[in-house]
Amino acid sequence: MMSEVVLGYCRPGFEADAGLEIQTRAAENGFYGFFRADKGTGFYLFEVQQSPNSLLDRLNIKQLIFTRQWFLVLGHHVDMCRDDRLGDLKPSLLELPLISELRVEHPDTEPGKELSRFCRKFSVPLRQILKSQKCYNEKKVAHCLTAFFVSGTECFVGIAPVSNMNPQPGGIMRLKFPAESPSRSTLKLDEAFLTFIPQNEREQRLRAGLNAVDLGACPGGWTYQLVRRGMFVQAVDNGLMDDSLMETGQVSHFQADGFKFKPKKKNVHWLVCDMIEQPQKVAKLMAQWVNDGWCKEAMFNLKLPMKRRLESVLECMEIITQELKQPFDCEAKHLYHDRDEITVYLRKQ
Ligand SMILES: C[S@@+](CC[C@H](N)C(=O)[O-])C[C@H]1O[C@@H](n2cnc3c(N)ncnc32)[C@H](O)[C@@H]1O
């Protein structure tokens, strides 16, 4: 029996939601513990008490909505000597399992970002140490060692299985804003497709010629992502659509209420929805579209309330489960480009 501490990264401001979520999911798997989270720090610590195995072997990071990245803490170093931070870390580097990746990271906060240059530089001698200890092999898929600097003199060191962590550095998918898109929201749908659709299936499931419906489409950032992949889009919104998107000939604009809109034909593959509406109402609508076969796959945002955000998300998931009368696939994540919202993927199995 052992106790362990898991460190998770999240969007600053969502530490308590992320901590409460891992505590809840862990308890469902028989791991009991408590979390510590300071608002605005971009991370939390979850202390698991007395468990026969490690939480990271039991829980999949994909099951956690608010956690971007995680690792099992091996050491916490405070008051580090600025002239010899490497020397300070050495006690955490003894008896490591096989390491195939190294990351030196910082929280996604303004003070954290000031450490990014230092972190890049620090990874060079740290990798040398791992190599000299003969526990580092980039060719194997094993563990990732992370040194997570929360300030210039405080660092958490830990490991996570490469197979059960976010492959993106810092758990953040950086995407370039396409200048032709009418809104920055476009990055949310791009990130969602890249996150939820495996690379080897994208060509098929996001192919040209598919029909899509975009509820709450204006000015057209999400429609842009569908159009650029060659799809035909029914864009539903009382607002105005971007002219250049309309000129492609791939978009039909319906000035209608997304809750009342019905597709003209039953050949819609993708339903996407970014309506600013009550999340429970949106969750129900999405589940109905999928259940009734009005679309094959759905990708949508659920806008979060200011308080009790996890509760609201769980309520929405419950609504989806109640509405769908058949087995379904559902994944949800607080993506990097999401703010006060999460993104959900849904389809019938
Ligand atoms: C966040 S914006 C969408 C941005 C869009 N996804 C983009 O990338 O440009 C939300 C949109 O939802 C629309 N909306 C809100 N409630 C709606 C409803 N009941 N039916 C249709 N559109 C709705 C608003 O008019 C607004 O244009």
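The backbone N, Cα and C atoms fix where each Cβ goes, and this holds for glycine too.
In the three-state DSSP scheme, Lys303 (active site, proton acceptor) falls into the strand class. Residues or ranges marked as active site, proton acceptor by TrEMBL: Lys303.
Taking Cβ-Cβ distances under 8 Å and a sequence gap of 6 or more within the same chain, the neighbours of Asp237 (S-adenosyl-L-methionine binding site) are Asp214, Leu215, Gly216, Ala217, Cys218, His253, Gln255, Gly258. Among the features that TrEMBL reports, S-adenosyl-L-methionine binding site is placed at Ser185, Cys218, Pro219, Gly220, Gly221, Asp237, Asp257, Asp274.
Taken from TrEMBL, the feature domain 'RlmM ferredoxin-like' applies to 5-71.
Sorting each residue of the domain 'Ribosomal RNA large subunit methyltransferase M THUMP-like' (93-159) by its DSSP state yields 22 helix, 23 strand, 22 coil. Positions annotated as domain 'Ribosomal RNA large subunit methyltransferase M THUMP-like' by TrEMBL: 93-159.
Taking DSSP states H, G and I as helix and E and B as strand, the domain 'Ribosomal RNA methyltransferase FtsJ' (183-277) has 30 helix, 20 strand, 45 coil. Under the heading domain 'Ribosomal RNA methyltransferase FtsJ', TrEMBL lists 183-277.
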Lys303 (active site, proton acceptor) CB neighbourhood, other CB atoms within 10 A: 17
Those binding-site residues listed as Cys218, Pro219, Gly220, Asp257, and which of them has the most Cβ atoms within 10 Å of its own Cβ: Gly220
Inter-residue Cα distance where the pair is Lys303 (active site, proton acceptor) and Gly221 (S-adenosyl-L-methionine binding site), in Å: 17
Residue pair Ser185 (S-adenosyl-L-methionine binding site), Lys303 (active site, proton acceptor) - Cα distance, angstrom, rounded: 13
Cα distance (Å, whole number) from Asp257 (S-adenosyl-L-methionine binding site) to Lys303 (active site, proton acceptor): 18
